[in-house]
Every structure is written in C-alpha cells, then in structure tokens.
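Asker: Let me give you the structure first, and then I'll get to my questions.
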Amino acid sequence: MAKLNFGGVEEEVVTREEFPLEKAREVLSTETIAVIGYGVQGPGQSLNMRDNGFNVIVGQRKGGKSWDKAIADGWVPGETLFELEEALAKGTIICYLLSDAAQIELWPTVKANLTAGKSLYFSHGFGVTYKDQTGIVPPADVDVYLVAPKGSGTSLRRLFVEGKGLNSSFAVFQDATGKAREKCIAMGIGVGSGYLFETDFYREVTSDLTGERGTLMGAIQGIFAAQYEVLRSNGHTPSEAFNETVEELTQSLMPLVAENGMDWMYANCSTTAQRGALDWWKPFRDATKPVFEQLYNSVKSGEQATISITRNSQPDYRVKLEEELAELRESEIWQAGATVRSLRPERG
Ligand SMILES: NC(=O)c1ccc[n+]([C@@H]2O[C@H](COP(=O)([O-])OP(=O)(O)OC[C@H]3O[C@@H](n4cnc5c(N)ncnc54)[C@H](O)[C@@H]3O)[C@@H](O)[C@H]2O)c1
Ligand SMILES: CC(C)(O)[C@@H](O)C(=O)O
Ligand SMILES: [Mg+2]
Ligand SMILES: [Mg+2]
C-alpha cells in the first residue's frame with residue numbers, strides 16, 4: 001500500500017506498481033471467475049479480466065440482448081458462456097453483476113451455489129448493506145468482498161483498451177479463507193483499475209448513491225436545465241443556450257479541470273470570467289447544500305434503497321423508464337444537444 005496525502009489527509013492506496021498484474025494472476029491462478037450478468041459492468045469487467053489472462057466465464061439469461069452481446073464479444077456458449085445456474089455452479093469467484101434489484105430475485109439460487117471457500121464478489125455495497133430489504137446475507141464460510149469501479153462499465157473497458165484505468169474502491173466484508181483481501185485486490189487489478197482505495201460496504205453504497213444522484217448525474221442535469229431555461233426565457237437561441245450550458249463544459253473546460261484542477265481553470269480564463277466565477281461559486285454552494293443534505297439523509301435512512309428496489313422491480317419498469325428517458329431526450333435542451341453533437345468536426 002502506498003501512503004499518499006489527499007488534501008492533508010493521509011490515505012493508503014493500492015497501485016499497479018505494488019500489486020502488479022503478474023501477482024494478481026498468481027493469486028487467482030486456481031480460480032474460475034464467473035461474471036453473472038452482462039449488462040454494463042459485466043462486459044467491462046469480464047473482457048478486461050479475459051484480456052488480462054484470467055480464467056473467466058460469463059453467466060447470463062439466454063435469449064436476450066445481453067446474451068447476444070456476450071456472443072458478439074467472443075464468449076462461446078457451452079465453453080465460456082453459460083446460463084446463470086451453470087455459471088454459478090462452475091465459478092469459484094461469483095461476480096454478482098446483475099442490477100441491484102435483480103440480485104434480490106436470483107439470490108436464493110446464488111446462495112445455493114456458494115459452497116465453502118468460494119468468493120462472493122460485488123461491485124456495490126447495496127445488497128449486503130440493505131440486507132433487511134434485499135435478504136442478501138452470505139453464508140459464513142465464503143469470502144465476501146467488493147471492487148467498485150468509480151465510473152461506467154463502458155469507460156472501464158474504453159480506458160483499459162487505451163492502456164489507462166478507472167479508479168476503484170475495494171472492501172472486504174467477510175474473510176472466511178484468510179485470503180479475502182488479497183483476492184479482492186487481485187480482482188481489482190484484474191478488472192483494470194488504475195488504482196484502488198479502501199472503503200467498507202456501507203461507505204461505498206452511501207457515497208455512490210449520493211454521487212450518482214448528486215453532482216455526477218442528478219444535480220448536474222438539474223443545474224443544466226435551470227440555466228438553460230433562464231437563458232431561453234431571456235431570448236437566447238437554443239444553440240447559444242446549449243453551448244453556454246453544456247457543450248463548452250464537456251468539450252473544453254472539464255477536460256482542462258480534469259488535467260489541472262479548478263484553480264488552474266480559474267487562472268486560465270479571462271479576468272472577467274475569473275471574477276464572476278470566484279464571486280458566484282459560493283452562492284451556488286450555499287443554495288444547493290441543503291438539497292445535498294436532504295439527499296444524503298435519504299440515502300442514510302435507506303429510503304433511496306427502498307425507492308430503487310421498489311421502482312426497479314416493477315414488471316413495467318422498462319416501459320416507465322423509457323417514458324422518463326424520452327422526456328429528457330425530447331426536451332429542447334437535449335434536442336439542441338443532439339444537433340450540436342452532430343456538428344462536432346470529428347463526426348464529419
Ligand atoms: N452500470 C455501471 O456502470 C456500474 C458502475 C459501478 C457499479 N455498478 C454496480 O454493478 C452491478 C451491476 O450493474 P449493471 O449496471 O452492470 O447492471 P445492469 O442493470 O446492466 O444489469 C446486468 C444484467 O442483469 C440482467 N438481469 C436483469 N434482471 C434480471 C433478472 N431478474 N434475472 C436475471 N438477470 C437479470 C440483465 O440481463 C443484465 O445483463 C450493480 O451492483 C451496480 O450497482 C454499476
Ligand atoms: C456509473 C455510476 C453512476 O458511477 C454507477 O454508480 C452506477 O450505479 O451506474
Ligand atoms: Mg451506482
Ligand atoms: Mg458509481
């Protein structure tokens with residue numbers, strides 16, 4: 001573990017230098033890693049592990065889009081691609097990568113296949129933390145750990161292919177074999193993590209649910225919509241409003257912030273922008289902080305988990321989801337966005 005200073009707080013992280021891929025391969029050399037579910041994380045993690053030389057199989061319900069995608073990605077039915085039960089029986093490390101709501105339904109089958117000494121691997125602390133709602137209580141004689149890539153499975157794969165890596169958190173919930181931590185870190189390296197930082201299941205799920213509802217996706221869309229509406233109601237055209245709200249942020253400024261930090265960005269815009277940004281970031285913080293507090297409390301109380309389980313388990317979930325996504329897609333801001341995207345030079 002390398003000790004690093006994060007803004008004055010010392011934390012230990014695991015990098016590929018200290019835990020090289022060869023070591024990860026060695027630790028997991030006798031394991032059959034069964035990736036259960038081929039949605040978003042399933043492809044990213046299984047393909048990265050396959051390319052990294054691990055013994056990986058995929059378990060997925062037959063006949064759907066995900067099954068076809070697995071075949072297109074080179075998984076071979078009967079050899080490396082199996083129905084869920086068969087993969088669960090063959091796997092010694094069960095990577096439970098169904099959607100969190102779906103994990104509840106399949107849990108009795110997963111549990112039946114968790115014989116002593118196997119590992120149960122998650123990419124979220126959800127199922128175990130909210131056990132009163134999910135019923136997910138692993139048997140005492142299996143290792144239970146998580147590696148949670150901090151980003152989409154799509155980027156996990158893309159960055160891996162580019163020779164880069166997404167950061168992941170890791171946590172051990174139960175160490176039955178005495179080797180859970182080593183296996184967990186080896187899995188983290190295997191799925192292509194850039195570096196790994198330690199957490200526990202509770203902290204992973206509460207921070208993750210807050211982040212995705214907050215600045216990563218929920219809050220950012222809310223702020224985009226608010227600014228866009230103010231610009232439009234004051235006579236600005238859709239292209240002007242979209243460029244000034246979204247396009248400049250994603251295409252120009254955020255990559256620079258990612259490289260250099262926010263103070264650099266403030267120092268490298270006009271003095272006019274600089275003065276304005278310095279004056280306005282605190283009022284925005286103060287206006288939104290109560291909403292973030294409300295969000296965190298709703299996560300902490302388990303309310304967000306209840307909503308997620310209830311809504312995502314409805315038989316008409318996909319239909320309702322499509323309606324809500326259509327509302328976003330058909331909104332003027334994102335229609336304007338589609339046109340703006342089509343005008344980016346690299347797209348011809
Ligand atoms: N999506 C991400 O990028 C991401 C990032 C970090 C962590 N995670 C976590 O990883 C895990 C997997 O998430 P995901 O987004 O990849 O899942 P997903 O929603 O893409 O679903 C994965 C698979 O579950 C299958 N499935 C759905 N309902 C099923 C059912 N009732 N029975 C059997 N199979 C069913 C689907 O066919 C799909 O292939 C979750 O714990 C999630 O919180 C996801
Ligand atoms: C990609 C995210 C938002 O970070 C993940 O947490 C998810 O649930 O999909
Ligand atoms: Mg999440
Ligand atoms: Mg996340």
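Heads up, the Cβ atoms here are built off N, Cα and C, so glycines get one too.
Please treat TrEMBL annotations as automatic predictions, because they have not gone through curation.
Not my notes, these are from TrEMBL:
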- 9-199: domain 'KARI N-terminal Rossmann' (DOMAIN)
- 200-347: domain 'KARI C-terminal knotted' (DOMAIN)
- Asp208, Glu244, Glu248: Mg(2+) 2 binding site (BINDING)
- Asp208, Glu212: Mg(2+) 1 binding site (BINDING)
- Ser270: substrate binding site (BINDING)
Asker: Which of the listed binding-site residues (Asp208, Glu244) has the least company, meaning the fewest other Cβ atoms within 10 Å of its Cβ?
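Answerer: Selected from the binding-site residues Asp208, Glu244 on minimum Cβ neighbours within 10 Å: Glu244.
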Asker: Pull the DSSP breakdown for the domain 'KARI C-terminal knotted' (200-347) and write it out as helix, strand, coil residue counts.
Answerer: 125 helix, 0 strand, 23 coil
Asker: What is the total of other Cβ atoms whose distance to the Cβ of Glu212 (Mg(2+) 1 binding site) is within 10 Å?
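Answerer: For Glu212 (Mg(2+) 1 binding site), the count of other Cβ atoms within 10 Å is 12.
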Asker: Around the Cβ of Ser270 (substrate binding site), how many other Cβ atoms lie within 10 Å? Please give the count over every shown protein chain.
Answerer: 8
Asker: For the domain 'KARI N-terminal Rossmann' (9-199), what's the mean pLDDT in this predicted model?
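Answerer: Looking only at the domain 'KARI N-terminal Rossmann' (9-199), pLDDT averages out to 97.
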Asker: Should we count any of the binding-site residues Asp208, Glu212, Glu244, Ser270 as near ligand 3, judged by a CB under 6 A from one of its atoms, and which?
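Answerer: Passing the 6 Å Cβ check against ligand 3: Asp208, Glu212.
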Asker: Which of the binding-site residues Asp208, Glu244, Ser270 have a Cβ less than 6 Å from any atom of ligand 4?
Answerer: Asp208
Asker: Taking the binding-site residues Asp208, Glu212, Glu244, which residues show a Cβ-atom distance to ligand 2 below 6 Å?
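Answerer: Result: Asp208, Glu212.
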